[in-house]
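Q: Here's the feature list from Swiss-Prot:
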type	residues	note
DOMAIN	5-243	domain 'ABC transporter 1'
BINDING	Gly39, Gly40, Ser41, Gly42, Ser43, Gly44, Lys45, Thr46	ATP 1 binding site
DOMAIN	293-525	domain 'ABC transporter 2'
BINDING	Gly327, Lys328, Asn329, Gly330, Thr331, Gly332, Lys333, Ser334	ATP 2 binding site
Amino acid sequence: MVAHAEIKNLSFVYADENEKALQHISLSVQKGEFIALAGGSGSGKTTLLKHFKKELLPIGKRTGDTYYDGTLLENVPDLLSAQEIGMVFQNPENQLVMDTVIQELAFSLENIGLPSHIIQKRIAELISFLGFQDLLHQSVHTLSGGQKQLVNLAAVLVMQPKLLLLDEPTAQLDPIAAKEFLGLLKRINEELGITIVLSEHRLDEVIPLATRVICMNNGRIVYDGSPKTVVANMWEVEKFRPFIPQIPRLFLEWNAKDIPFTVREAQMKLNDFLAISYVSEPIVQSEKQEVILSAEHISFQYEKNNPLILRDLTVSIEKGKWVALVGKNGTGKSTLLTILAGLQKARRGKVKWNGKVIHKIDSKERFKSIGYVSQHPYYHFTFDTVWDEVYERARELYGEQGKEIAEHQLKKFWLYGLKERHPHDCSGGEQQLLALCTTLLSKPTLLLLDEPTKGLDPWKKERVGELFRKLQKEGTTIVMATHDIEFAAKYVDQCMMLFDGAVIMNDAPKEFFSGNFFYTTSINRFIRKELPYALTWEDVYEACQNDMLHS
């Protein structure tokens with residue numbers, strides 16, 4: 001049987017680079033498969049995905065061949081490629097080109113010359129399948145991140161593709177929107193028979209849906225097989241263990257024979273007579289510190305007649321604390337961070353830092369002492385190479401020592417090998433690290449971070465978490481907006497949930513997540529009855545070794 005898509009002995013090196021991005025890749029994709037691509041940031045996942053669609057082939061030197069339905073990729077007709085091979089990218093903003101949702105859906109169909117009655121029929125049928133009729137005539141600029149990504153997916157599906165490629169499509173979505181999006185992909189795969197190849201760091205949600213997992217490292221495929229086989233292989237190698245989702249990781253630590261991937265499967269394996277002593281874990285209250293940053297009665301809207309994004313919001317941040325702002329896309333987390341940083345002025349209310357109104361602080365002092373990283377790190381970049389980006393800032397701050405400091409900083413953030421690369425050619429995770437790297441050069445005492453772990457693989461995420469903890473011990477206060485609730489549960493001191501422009505929940509992670517039904521970690525959903533305050537596999541493992549399993 002001819003493979004749906006096939007890659008034979010593919011190697012690739014980007015223009016102006018020496019290191020190979022892909023090395024001797026061979027794989028075949030069968031019709032109807034749901035393949036999850038796993039691996040570290042910069043391991044070659046995005047580069048590999050782009051080699052399935054000829055319009056996206058990166059510029060550089062390649063050897064080897066790619067086939068689509070038995071035809072060499074470069075010989076596949078343009079119209080066929082446009083219709084049958086679709087791709088959804090990480091950033092929802094980057095693919096939207098029209099003003100309204102219906103225009104966005106019609107755009108690609110008009111480009112391939114379909115008559116208007118066929119376009120109308122296709123859109124009507126697709127909208128009925130996806131169920132978002134209420135968004136059809138809305139401006140794309142008013143949509144939340146989750147809705148924008150849904151529109152991107154719909155704009156690809158309306159072409160009726162046979163192969164769907166997705167590059168970390170949930171990276172900027174809140175946990176509930178991400179779950180819905182991935183569930184929709186599974187439905188598309190099962191009900192429409194569309195083949196899916198998906199690169200994703202959120203393996204907790206993806207692995208239970210996938211029929212096959214491919215793990216990459218340094219441009220090579222290291223594991224390829226069923227989810228259970230690949231996870232078992234990853235467990236054997238220490239450096240791949242952080243990539244294993246929380247529930248299977250816990251059961252592997254317990255040396256269980258049959259590894260569950262979902263909450264339901266895991267609960268079926270629990271012992272019914274779990275010792276009651278595990279249930280009520282006391283919460284240790286941390287000492288109160290002085291308030292270093294406060295927002296008092298903040299209200300904000302972008303345009304005068306637009307609805308308020310923040311309404312009469314008041315928050316206090318204590319010195320040396322690490323605070324996570326969580327909540328759905330569009331609840332005002334990013335807006336609040338820019339107001340706290342003094343980059344935008346509230347319509348009403350005021351922000352104080354160290355007792356001073358933020359806008360009355362000298363802008364030079366503010367820029368040096370307050371480090372802000374946007375959720376779109378490429379907004380920070382002004383130079384043509386990674387090296388210049390870091391070196392020029394280091395030289396500005398430290399003069400002759402700048403070169404040595406820049407080298408040290410790049411090595412610390414795993415970016416030294418990319419120093420000659422253009423920042424915009426870096427992966428999403430690498431861009432995130434570069435923005436963080438340059439921001440930390442001035443040793444700010446307040447860090448305001450918008451999605452700092454976005455695009456980072458689990459291993460780098462752990463290292464960044466440890467770095468932030470070290471900065472905390474040195475007196476740095478950290479406020480981050482995040483959709484990564486597993487990361488927040490493991491590292492932060494305090495969680496605040498924004499909803500309808502206000503803070504509706506504010507607590508330490510254990511109390512915060514244990515009180516939630518949907519907005520919590522997979523481990524907490526699995527074992528909340530027995531261990532209400534357990535949020536990570538480490539929490540459960542420390543509480544009890546393996547006596548929770550059925551014998």
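Here the Cβ of each residue, glycine as well, is placed from N, Cα and C on the backbone.
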Q: What is the nearest of the binding-site residues Asn329, Gly330, Lys333, Ser334 to Gly39 (ATP 1 binding site), using the Cα of each?
A: Asn329
Q: Averaged over the domain 'ABC transporter 1' (5-243), what pLDDT does the prediction give?
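A: Within the domain 'ABC transporter 1' (5-243), the model's average pLDDT equals 92.
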Q: Counting only residues 6+ apart in the same chain, whose Cβ is under 8 Å from the Cβ of Gly327 (ATP 2 binding site)?
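A: Residues satisfying the criterion: Asp174, Lys333, Met497, Leu498, Phe499.
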Q: Rounded to an integer, what is the Cα-Cα distance in Å between Gly44 (ATP 1 binding site) and Asn329 (ATP 2 binding site)?
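A: Rounded to a whole number, the Cα-Cα distance is 29 Å.
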Q: Report the nearest neighbour of Ser334 (ATP 2 binding site) in space among the binding-site residues Gly40, Ser41, Ser43, Lys45, Thr46, comparing Cα positions.
A: Ser41
Q: Using an 8 Å cut-off from the Cβ centroid of Gly327, Lys328, Asn329, Gly330, Thr331, Gly332, Lys333, Ser334, can you name the remaining same-chain residues around the ATP 2 site, in sequence order?
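A: Apart from Gly327, Lys328, Asn329, Gly330, Thr331, Gly332, Lys333, Ser334, the close residues are Ser144, Asp174, Ala481, Leu498.
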Q: Quick check for the class: what is the C-alpha distance, in angstrom and rounded, between Gly42 (ATP 1 binding site) and Gly332 (ATP 2 binding site)?
A: 31
Q: Going by C-alpha positions, which of the binding-site residues (Asn329, Gly330, Thr331) is nearest Ser43 (ATP 1 binding site)?
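A: Among Asn329, Gly330, Thr331, Asn329.
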Q: Distance check, please: Cα of Lys45 (ATP 1 binding site) against Cα of Gly330 (ATP 2 binding site), rounded to an integer number of angstrom.
A: 29
Q: Where does Lys45 (ATP 1 binding site) sit in DSSP terms: helix, strand, or coil?
A: helix
Q: What's the CA-CA gap between Gly332 (ATP 2 binding site) and Gly40 (ATP 1 binding site) in angstrom, rounded?
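A: Gly332 (ATP 2 binding site) and Gly40 (ATP 1 binding site) have their Cα atoms 30 Å apart.
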Q: Sorry to bug you, but what's the C-alpha spacing from Thr46 (ATP 1 binding site) to Asn329 (ATP 2 binding site), rounded to the closest Å?
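A: Checking the Cα atoms of Asn329 (ATP 2 binding site) and Thr46 (ATP 1 binding site) gives a distance of 25 Å.
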Q: Determine, using Cα-Cα distances only, which of these binding-site residues is closest to Gly40 (ATP 1 binding site): Lys328, Gly330, Thr331.
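A: Checking each of Lys328, Gly330, Thr331 against Gly40 (ATP 1 binding site), the shortest Cα distance is to Lys328.
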Q: Relative to the Cβ position of Thr46 (ATP 1 binding site), how many further Cβ atoms are located within 10 Å?
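A: Result for Thr46 (ATP 1 binding site): 21 other Cβ atoms within 10 Å.
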Q: Centre the Cβ atoms of Gly39, Gly40, Ser41, Gly42, Ser43, Gly44, Lys45, Thr46, go out 8 Å, and tell me which other residues of that chain have a Cβ in range of the ATP 1 site.
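A: Checked against the 8 Å cutoff, the neighbours are Ser199, Met216, Ser427, Asp457.
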Q: Quick one, of the binding-site residues Ser41, Ser43, Ser334, which Cβ has the fewest other Cβ within 10 Å?
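A: Lowest Cβ count within 10 Å among the binding-site residues (Ser41, Ser43, Ser334) is Ser334.
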